[in-house]
């Protein structure tokens, strides 16, 4: 069992079952609230095309997420980003199975079901896997002549074995080949899970593109065959809203995927690029990491 998986188990044990349950309910509620808010766009603007609805849907989705975060102050429960992603996958899959599936060919049906199942499996693997955690060994500090592990990491020329090891400011773990912390997956992206991260990112783009293709065919057939009036308006609006959501997701994920392909081609990490191109920000992050390290050591 990986160190990260052990840490997740300790976190679950330290949190009460009610806290986990309320966090899951808050995440599910935020997904439903945001999707229903986007579903109001085709209802209020039925005369617009899907492309014309996109910017409006984007603004509505962002506003719904902001309102959801503000609502957290009243209920005192924070939604979980990984659970938010998980429930969105399940929602898209559910809408496809119960609404869109009857208008899809058997081959495409097998493809999209396999893609969703693989996404869930990969999502579980990246949550439970080890990104490349490096244990803090006192022998490293003595060999490098440093006072703390963060200083040893940033002075890796003194200790080549700590080359490309960085401390994450989110989870305060020392990760080999650290690229960035991914809130959506709830884990750091490092040497051991970078390939899985790229595969998952590609999988999301492919699955959401396939869903968009199936849903647009369903909407087009409803309009061309004249059955749009006989369709349940709620289900049809949900199909349109999830289609808009999928298109928005694909747009930024393609840019994100291209960025990571660029980084792979030139052998750079996101964290290294930020520090090298924005040195002031890099110094601030380093100082913040030192403060975190001292706070942990004193606690």
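Cβ atoms are placed via backbone N, Cα and C, with glycine included.
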**Request:** Could you tell me which of the ranges 20-41, 108-129 is annotated in TrEMBL as transmembrane segment?
**Result:** 20-41
**Asked** Can you check which of 74-99, 152-177 TrEMBL lists as transmembrane segment?
**Response** 74-99
